[in-house]
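Only one structure is covered here, and it is reproduced in the block below.
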Amino acid sequence: MKLEGKKVTVHDMTLRDGMHPKRHQMTLEQMKSIACGLDAAGIPLIEVTHGDGLGGSSVNYGFPAHSDEEYLGAVIPLMKQAKVSALLLPGIGTVEHLKMAKDLGVNTIRVATHCTEADVSEQHITQSRKLGLDTVGFLMMAHMASPEKLVSQALLMQGYGANCIYVTDSAGYMLPDDVKARLSAVRAALKPETELGFHGHHNLAMGVANSIAAIEAGATRIDAAAAGLGAGAGNTPMEVFIAVCARMGIETGVDVFKIQDVAEDLVVPIMDHVIRIDRDSLTLGYAGVYSSFLLFAKRASAKYGVPARDILVELGRRGMVGGQEDMIEDTAMTMARERGLTLTAA
């Protein structure tokens, strides 16, 4: 398909999904520096919150270095052309968080649910639209649902008021044909004015290819992160995606070289570990496991002596999804007992 001249809105994940590998410990100065770099490079939309969205600060998901209010309040006044978005997962974030985000100047709210649980998004999507916000329905772990099931869930979110629907490959499991099948079906079912988006992870090195497949299927919003900073092996690497789009004539409005500099000079130096496809993050993609489970599995591995890869494969076998982080340690402990390993950890 000829994509030359097609316009796409790129949505940066560095300061939200990138909080997962940073264990939510990004400083305000790091946030501001990277956000300003992204803004100057021409990125139109930048997501800023705890990795698990508004209200994510908790024992289950991790305590951040600063509150959502502090991060948003630091970044938004500095933006010259970029708008700022926030993620919200019903059950973690509340309507009060929505109002706080609106008051701070957030432009876009993305309401995220598991791909078969769109009905829990009604209150938050409805309220977001009442507040006049650009409102996105975000269907996570989309590889676990058939195209037909995704269509039914997308239509629910559209009916609640979402003006954009995302098909989200949270596990980095999908291949380009999987992406096309799902996004094509959803695109055909939505109103013409409802936008379609795609969020990928790079666990099988498919982030860029899947994003191009999504554009071919009708997506006009694509998520990516500078230097790929995100859960698992990271999100679609923004600087690579922008270069590929430039080669193909897809219009993003982002400067090819400035976004490279943001990735290399601002994002790579703050990484706690190199974001790459190691055996554990590769296993996320292969077994279809939620990407933010990676560090939880590594911690459980160190505690119980069961290889992280084995834990991740078992999580995939059990079909665990986002929100079940507390079950990762339980799974590792059970596996250790079954293997006769001595449980010395407190």
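Placement of Cβ uses the backbone N, Cα and C atoms for every residue, glycine included.
The record from Swiss-Prot ties His199, His201 to Mn(2+), and of the options Asp17, Asp39 it ties Asp17 to that site too. In Swiss-Prot, the substrate site is described by Arg16, Asp17, His199, Tyr290, and among Ser33, Ser57, Ser170 the residue recorded at this site is Ser170.
In sequence order, Met13, Phe138, Tyr166, Val167, Thr168, Asp169, Ser170, Asp223, Asn235 are the residues near His199 (Mn(2+) binding site), counting only same-chain partners six or more apart with C-beta under 8 A. Most other Cβ atoms within 10 A: among the recorded positions Arg16, His20, His201, that distinction falls to His201.
Comparing Tyr290 (site 'Governs stereochemical control') with His201 (Mn(2+) binding site), their Cα atoms are 10 Å apart once rounded.
For Tyr290 (site 'Governs stereochemical control'), the Cβ neighbour count at a 10 Å cut-off comes to 28, with all displayed protein chains included.
Within the same chain, the residues at least 6 positions away from Asp17 (Mn(2+) binding site) whose Cβ sits under 8 Å from its Cβ are Glu47, Gly51, Asp223, Ala225, Leu229, Gly230, Ala231, Asn235, listed in sequence order. Cβ atoms within 8 Å of the centroid of the Cβ atoms of Asp17, His199, His201 (the Mn(2+) site) belong to the same-chain residues Met13, Thr168, Asp169, Ser170, Gly172, Gly200, Asp223, Ala225, Gly230, Ala231, Asn235, Thr236, Ser291, site residues excluded. Per-residue confidence over the domain 'Pyruvate carboxyltransferase' (8-260) averages out at a pLDDT of 97.
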